[in-house]
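Beneath this line is the structure, given in structure tokens, with notes to follow.
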């Protein structure tokens, strides 16, 4: 796969280069300027919304798909991305963790079958994290449609654990996600890029990417 | 709900009477004979396959639905139950644990999205259990379609824990079921009976029962 | 071992008889009266403080040791038991769970080495339990000497889980106790009875019993 | 604290500099040579045994204590370190994880009280790890004195989890350690350095360091 990278020198840009190590970085955009050695099949942008207009321009220019994980984008940006999706495949999400997205899908689909069970959510994060409960825990509550008790532990350097516990008189079901490192989002971006290279034009969520069977690198 | 119970005096019969405590037991079948005070809406049979012909006869007689959890039944019995399903609703399963069935459904549906993650299964049971891995662990492996490493712990009086762990470089997903007591199956039978009372004739699996939103007792 | 049992017909009395099944019940005290077939080596009393004077009398009469788990006893009763301890071995505790007592001992001894780690406690009990945090969680906090965040989950039929989590920037330590059933306290009483049969006169805590290597039944 | 660092430019050297960030690095030894700006109070060496003679020389020269975590050292090296311990405090260990050492201490002390409980050990590591069970799991078995079943999971990027489970008929005790990152050993080295700065000459294990209440940085 030949890919382009917006924000190549940032922390997230470094993580992405590690996750895409077996592939060819042929276009970079950065505060210091641009490089372009070849035509990318997909452009990855986890930088900031200021960069977005140029990113969209480059996708059009190279007819490259787009994976965009910029977190501060607004409705107006989404509209521009939808429009780009008419020409090339675009994957947009605020959270590129495969595990968190699957946890969300499991809870959305199965919580209705467990309505007569008790439900509580626990999340643990490092002690530098200010907000509680975490954004992901709030999302978990939202997809279950239940305003259940939620416990937030703030301890040491824990990257981030989330659990939903369902229990009735005779049994307990536990659905847990644990982040191991910051490489999570870069690995998700990689999965999205694999998807984009073979997809029809369109505007896709990361859940839609996951719901396609994973493709092997060799098939790209 | 008015219900009948085959094998009323056995251990499982006792558990079922506890789980159905708010409802009216109006028909019993046992080695010592039968009692019948009223027309049951549903008959519950977790006894043994010898009792099955009479159970089926009683369902026809009273136009009562059937919940059957007898574990030793064979294909020939299944055929008889299917035929009964043309007249009344019949729920048949070898495992009436809601949690184990949901775990199975989650794994069947989401394991394909996690093909490039490692998968291992752990199960823990009391030290009297002879077989390893447990039947449920084998079933978990089957629905994932992956012959993954499976670890069996045999310790003290643990009723039964089952976990599937998926991991990639950056994250871990854990799906765990824990049985708390032997009331599990009786509670599942209760859920199936609630379903039967309102269902159209048919031959149903317990997964189909679960996939219907749970009904409140009051609506029966 | 020949043992006596005060409150033989109560729920706890039944559990104790199960845990002592291989031994000889030769004396019973109950609201309905007393029976005595032989001289007990130890008397077990988990009933109520009204029974205590007669229990003490019987210990003196038979020169039998005592295991007493009555929860509502007061300082005045303790004094009577101390006095009895001058003649026979007496084990008194408010909690005869081996696991909970070991958890307490581990935390008391090792929490001081983890003063610069974060500490949080989680406990989960069935949804019928009114008080939160549980008495055991409060005890765990007391032995660590730290007023740490404590999370109480109330779910389904969970008999009782308690966890202490310590974390620093790079690692997590978890100490967890899980009750499986109500037989816990009867098994602890059995361990105490084994101790009493071989012990010198004295007034012992259950921690002191645990701190002796467990004796095999055969040696009694 | 003024400290010296042998192997300053290596991966472990980098981690140590992060963990000691608030303190003054005043001496470095590396393949490229040595620097020395001031007299160190303690020298830290996690490099390789080739460096050890010069490290010992420098400790003598500066009357500095030593924290040595080099893993390939042999009995002959230990003798040299013991001799150095007659002049300055020396802490030597093959594993500077506080958590793993506490887990070991807990198991060594409490396993004898749980002889009549079942015991099984589980450990999980990333899928690049070749050996199973892990060295730490083998150590856990050794300190319990029981050759118990041991389960090794090899999954994704898990840095390293170790659990000991004890169970009897009515309860379960779990002691778990989880490594979050490679900073673990550097943090342990920091704790050892804090100890050394205030200790009498001697040859100490890391367990002995832990068994002293942690000192606050301010007291150094």
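The count begins at 1 with the first shown residue.
Yeah, the Cβs are placed from backbone N, Cα and C, and that goes for glycine too.
With B:7, B:8, B:9, B:10, B:11, B:12, B:69, B:70, B:71, B:93, B:94, B:95, B:96 listed by TrEMBL as binding NAD(+), the candidate from B:30, B:116 annotated for that site turns out to be B:30.
In the three-state DSSP classification, residue B:125 (active site, proton donor/acceptor) falls within a strand. A separation of roughly 20 Å, to the nearest angstrom, links the Cα atoms of residue B:11 (NAD(+) binding site) and residue B:125 (active site, proton donor/acceptor). Taking the Cα of residue B:136 ((S)-2,3,4,5-tetrahydrodipicolinate binding site) as the reference point, the closest of the binding-site residues B:7, B:30, B:70, B:93, B:95 is B:95. Across B:7, B:8, B:9, B:10, B:11, B:12, B:30, B:69, B:70, B:71, B:93, B:94, B:95, B:96, which the record gives as binding NAD(+), the greatest C-alpha separation is 22 Å. Candidate recorded positions: B:125, B:129, B:135. Nearest to residue B:93 (NAD(+) binding site) by Cα distance: B:135. Within the model, the domain 'Dihydrodipicolinate reductase C-terminal' (B:99-210) shows a mean pLDDT value of 95, rounded to a whole number. Cβ neighbour density within 10 Å is lowest for B:135 among the binding-site residues B:95, B:135. If you measure from the Cα atom of residue B:95 (NAD(+) binding site) to that of residue B:135 ((S)-2,3,4,5-tetrahydrodipicolinate binding site), you get 10 Å. Summary: among the binding-site residues (B:9, B:70, B:93, B:136), the fewest other C-beta atoms within 10 A of the C-beta are counted at B:9.
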